[in-house]
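Taken from TrEMBL as is:
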type	residues	note
ACT_SITE	Asp176	active site, proton donor/acceptor
BINDING	Arg65, Asn67	substrate binding site
BINDING	Asn123, Asp176	divalent metal cation binding site
DOMAIN	18-235	domain 'SMP-30/Gluconolactonase/LRE-like region'
Amino acid sequence: TTIGCIALRGSSTNNGGGSLLIAGERAFLETRMTQRGEDMDDFSFSSGEQVSVFCDRPEQTETTRPNDGRVDREGRLVIGMYNNYHRSGSSEGENNCGLYRLDPITKSIQSLFPSNYKYRVSNCISFSPDGRTLYFCDTPTRKVYAFDYPETSDGTLLSNRRLIWTMPSDLSGGPDGAQVDADGGLWMAISGAGVVVRVHPSLPGIVDYVVHLPVKSPTSCTFGGRDLDELFITTRGPDGGGLYRVKMPFGIRGLPEPEFG
């Protein structure tokens with residue numbers, strides 16, 4: 001199955017932790033990571049019979065599938081979709097995708113956009129440090145927006161859309177995965193341009209940090225390391241497929257990644 005994104009399950013919900021929630025092409029799946037030896041970093045995934053369906057995914061149609069996602073500060077997964085045929089085929093160019101929030105306890109799925117707000121390719125889903133702002137990009141538009149994020153699960157929708165950054169015309173590719181640092185800066189992998197850039201929402205439109213990569217297409221980034229001061233960057237082919245680690249300058253650090261649950 002095609003995997004859109006994954007989330008680490010909360011330790012209180014799965015017998016001590018180690019489970020992953022997987023946004024699969026046909027459903028949300030759950031599997032465990034198992035330790036193979038005494039090395040705490042030596043993990044493998046469970047065999048197929050231990051993979052279970054957590055719940056159905058939204059939009060039960062062949063024209064879309066889950067894509068980018070991020071767990072909010074309350075432990076719920078916000079998941080965006082991908083138009084499988086946005087470049088060609090039955091739904092070429094159509095804005096036909098929604099944005100959703102999955103509750104880890106009830107397994108209910110709430111739509112976060114109004115019914116008339118559709119897009120093609122979800123990316124850059126991430127949250128401000130206080131959890132009150134969600135960032136989002138429909139990659140073909142090359143525009144990144146911020147929204148006021150509803151913390152309650154009473155049906156309130158995203159609101160107050162404002163433009164954070166538009167990719168310049170001389171930069172190839174489009175925004176892919178993203179993450180926010182402890183200072184609120186938004187780090188975005190620009191697939192096709194070979195860079196990860198930071199834009200701080202207090203200064204919309206201004207790139208203040210750039211990480212140059214030896215490959216063309218970074219796909220996402222997140223913070224890690226003992227002090228959360230290293231940026232880990234995933235990439236894709238044909239020249240990519242590797243994982244890169246970049247030491248952050250000037251005291252820049254990330255935040256602990258919330259668990260689903």
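Keep in mind that glycine also has a Cβ here, set from the backbone N, Cα and C atoms.
Caution: TrEMBL annotation is automatic and unverified by curators.
For Asn123 (divalent metal cation binding site), other Cβ atoms within 10 Å of its Cβ number 27.
Least packed by the Cβ count within 10 Å, out of the recorded positions Arg65, Asn67, Asp176, is Arg65.
Cα-Cα distance from Asn67 (substrate binding site) to Asn123 (divalent metal cation binding site): 8 Å (rounded to the nearest whole number).
Here Asn123 (divalent metal cation binding site) is positioned 5 angstrom away from the residue listed as 'active site, proton donor/acceptor', judged by their C-alpha atoms. Counting only the Cα atoms, the space from Asn123 (divalent metal cation binding site) to Arg65 (substrate binding site) is about 13 angstrom.
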